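Novice: Take this structure, written in structure tokens, and hold onto it; I'll ask about it next.
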Amino acid sequence: MARTKQTARKSTGGKAPRKQLATKAARKTPATGGVKKPHRYRPGTVALREIRKYQKSTELLIRKLPFQRLVREIAQDFKTDLRFQSQAVLALQEAAEAYLVGLFEDTNLCAIHAKRVTIMPKDIQLARRIRGERA
């Protein structure tokens with residue numbers, strides 16, 4: 001690790017910094033055998049990048065086959081041996097994803113209204129109640 005010049009800082013009256021007693025050789029890992037630790041982004045950076053990525057895109061985010069299995073499983077409760085056109089399943093998936101995106105937008109607004117940045121189940125419940133979906 002390269003040494004950098006320290007800039008003077010105004011004292012805030014706390015404890016004085018401890019003196020470094022370890023020698024330079026003991027502190028530094030050997031240049032040839034040192035293992036470089038992987039680069040990590042600061043918390044939130046990757047999340048914001050993902051938000052921008054998914055807001056730009058229009059592709060479906062739920063995998064097609066698991067969604068199709070879910071649709072068939074739910075349809076079994078109403079009538080057995082139902083068949084679906086592939087376009088019908090895609091239309092259902094498009095509608096389901098649009099509904100979920102809208103619900104999460106409203107949920108986020110509920111969390112922000114409560115002066116939080118983390119969404120919670122109570123935010124989803126409030127959003128659905130305001131929408132009139134759940135009395």
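Keep in mind that glycine also has a Cβ here, set from the backbone N, Cα and C atoms.
Note that the coordinates shown come from a computational prediction; the quantities given were computed from them, not determined experimentally.
Swiss-Prot feature annotations, pasted as is:
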MOD_RES   K5  N6-methyllysine
MOD_RES   K10  N6-acetyllysine
MOD_RES   K10  N6-methyllysine
MOD_RES   S11  phosphoserine
MOD_RES   T12  phosphothreonine
MOD_RES   K15  N6-acetyllysine
MOD_RES   K19  N6-acetyllysine
MOD_RES   K24  N6-acetyllysine
MOD_RES   K28  N6-acetyllysine
MOD_RES   K28  N6-methyllysine
MOD_RES   K36  N6-methyllysine
MOD_RES   K37  N6-methyllysine
REGION    1-40  region 'Disordered'
SITE      K5  site 'Not N6-acetylated'
SITE      K15  site 'Not N6-methylated'
SITE      K19  site 'Not N6-methylated'
SITE      K24  site 'Not N6-methylated'
SITE      K36  site 'Not N6-acetylated'
SITE      K37  site 'Not N6-acetylated'
Novice: Hey, what's the Cβ neighbour count for K36 (N6-methyllysine) at 10 Å?
Specialist: 6
Novice: Once the DSSP letters are reduced so that anything not helix or strand counts as coil, what is K36 (N6-methyllysine)?
Specialist: coil
Novice: Report, as a single number, how many Cβ atoms besides its own are within 10 Å of the Cβ of K37 (N6-methyllysine).
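Specialist: So the number of other Cβ atoms within 10 Å of K37 (N6-methyllysine) is 6.
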